[in-house]
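Quick look at what Swiss-Prot annotates:
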type    : residues                                       : note
BINDING : His91, Asp274, Asp363                          : Zn(2+) 1 binding site
BINDING : His166, Glu311, Asp363, His366, Lys391, Tyr398 : substrate binding site
BINDING : Asp274, Glu312, His463                         : Zn(2+) 2 binding site
Amino acid sequence: MTSKIAQNLKQPALDFLSFVNASPTPFHAVQSAKELLSKAGFQEIKEKDSWSSTCRPGGKYYLTRNSSTIVAFAIGKKWKPGNPISMIGAHTDSPVLRIKPVSNKRGEGFVQVGVETYGGGIWHTWFDRDLGVAGRAMVRTGDGSIVQKLVKIDRPILRIPTLAIHLDRQETFAFNKETQLFPIAGLVAAELNRTADSTATGEKTAANNETEKGDFAPLKSVTERHHPYLVELIAAEAGVKPDDILDFEMILFDTQKSCLGGLLEEFVFSPRLDNLNSSFCATVGLIDSVADASALDDEPSIRLIALFDHEEIGSRTAQGADSNVLPAIIRRLSVLPSSTSGNEDLATAFEETLSTSFLLSADMAHAVHPNYAAKYENDHRPEINKGPVIKINANARYATNSPGIVLLQEVARKAAEDGGEGVPLQLFVVRNDSSCGSTIGPMLSAALGARTLDLGNPQLSMHSIRETGGTYDVGHSIRLFTSFFKHYSNTSKTIFVD
């Protein structure tokens, strides 16, 4: 393999590194996706507005909910009400430590920050890491309106230190998540000196900048609930004054950047592979499928991606996959008029669209681990850089079935028509004596009644603060998703079930 070819094959992974490094939270991930979509000519619309005069065949659009879930779609120029929608679903969240509503803690001379666990993280991997803070802050502007500001303190201000081995000889690393998972942020003495110096010089800090009006406050101020200096850092990142911050949602993240690794840079070492890897590939796959100016000219379908928040905690929120986000959007899209609209029957357009649509539920899969090979079923051991993994479970923990597998094989084969080679695929089932995870596929297939298949790129160390994936699998998924969008309309007509 020449260096030029190798570099081209690695480029999608390098682009992913930029995406994931810029996206420590779902809010940032949605912002990163918006930037990619806007650059590709997608127009932002609002869920609260009417789309009847906005969305037209040939158009490309995106919308957000809670700024942590994003849906983007491109409408074929030959669209008619009741036609199919080819969909890819993924999620923007990952297991993290989130700052508690009241986080101001001190212990044994240390300034500490109270955090709570979000999702099922491998929490021992968060010890002894250089942690920054990111999220969104709600701030009051000069005209009195309240807006959100994204914050990313991209330097190590927090750390959760482990106990020295000399003080704990246990073979297993056990700890209490409520009492022993609090990061240190500094020393009390240093904080007191900083506050004293600021007061002596007449500077206002967040601690002594309380309101002078004596207004009733339903809650304690942000600077009372959190360390004043932390609030000052958040305010500085948001470009506002500390007393303009009304509340915030902040998480911790590893400040070590994602990178390529391995002897031949065949690995991606990164946080949040689960599931920003799938979110990135879905976004780029949609963009690439409409990159040609004539891409939608003969397209009778809508091409759509939905990147949901809160998958790691069950999806049962207003912006989760188990909400009305996707059904509501599909209902509105199903009745959009065609470019030659006439007397179209819209009464059953929604049901017609669902019955002919298809959803790829894209969430990361487990690659075989060389040190724990016995944990995997003998004949189903996905390998890194061998392509996306089709996930199957007899008890419907995944939504995959045979018609979907046949469709995906055709899509993977047709990827060669767009240049390059076809996309390799793998199969995965868990052992009978092992529990099986799940994702958004089953809940969406049940809610929509649409055909669904679960798949994802293989990775190691899922839910660790730092995970391992394949460099070339990023490109594999992008090409598969691009081919899915390009060829679904014609391919689906050749597979008969109902």
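Using the three backbone atoms N, Cα and C, a Cβ is placed for every residue, glycine included.
Distribution of Swiss-Prot features across the structure.
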residue: His91; record: Zn(2+) 1 binding site; Cβ within 10 Å: 29
residue: His166; record: substrate binding site; Cβ within 10 Å: 6
residue: Asp274; record: Zn(2+) 1 binding site; Cβ within 10 Å: 27
residue: Glu311; record: substrate binding site; Cβ within 10 Å: 26
residue: Glu312; record: Zn(2+) 2 binding site; Cβ within 10 Å: 21
residue: Asp363; record: Zn(2+) 1 binding site; Cβ within 10 Å: 25
residue: His366; record: substrate binding site; Cβ within 10 Å: 21
residue: Lys391; record: substrate binding site; Cβ within 10 Å: 30
residue: Tyr398; record: substrate binding site; Cβ within 10 Å: 28
residue: His463; record: Zn(2+) 2 binding site; Cβ within 10 Å: 18
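Taking the Cα atom of each, Glu312 (Zn(2+) 2 binding site) and His91 (Zn(2+) 1 binding site) are about 9 angstrom apart. Note on proximity: among His166, His366, Tyr398, His463, the binding-site residues of the record, the Cα nearest Asp274 (Zn(2+) 1 binding site) is that of His463. Put simply, of the binding-site residues His91, Asp363, His463, the one whose Cα is nearest the Cα of Glu311 (substrate binding site) is His91. Cβ atoms within 8 Å of the centroid of the Cβ atoms of Asp274, Glu312, His463 (the Zn(2+) 2 site) belong to the same-chain residues Ser94, Pro95, Gly119, Gly120, Gly121, Asn275, Met364, Met462, site residues excluded. Excluding the listed site residues His91, Asp274, Asp363, the same chain places Ala90, Ser94, Asn275, Ser278, Glu311, Glu312, Ala362, Met364, Thr439, Gly456 with Cβ atoms within 8 Å of the centre of the Zn(2+) 1 site Cβ atoms.
DSSP assigns Glu312 (Zn(2+) 2 binding site) to a helical segment in the three-state reduction.
The Cα of His166 (substrate binding site) lies closest to that of His463, out of the binding-site residues His91, Asp363, His463. Residues His166, Glu311, Asp363, His366, Lys391, Tyr398 are listed as the substrate binders, and the farthest two of them sit 46 Å apart at their Cα atoms. In the three-state DSSP scheme, Asp274 (Zn(2+) 1 binding site) falls into the helix class. Spacing of His91 (Zn(2+) 1 binding site) relative to Lys391 (substrate binding site) is 17 Å (Cα to Cα, whole number). For His463 (Zn(2+) 2 binding site), the nearest neighbour among the binding-site residues Asp363, Lys391, Tyr398, judged by Cα separation, is Asp363.
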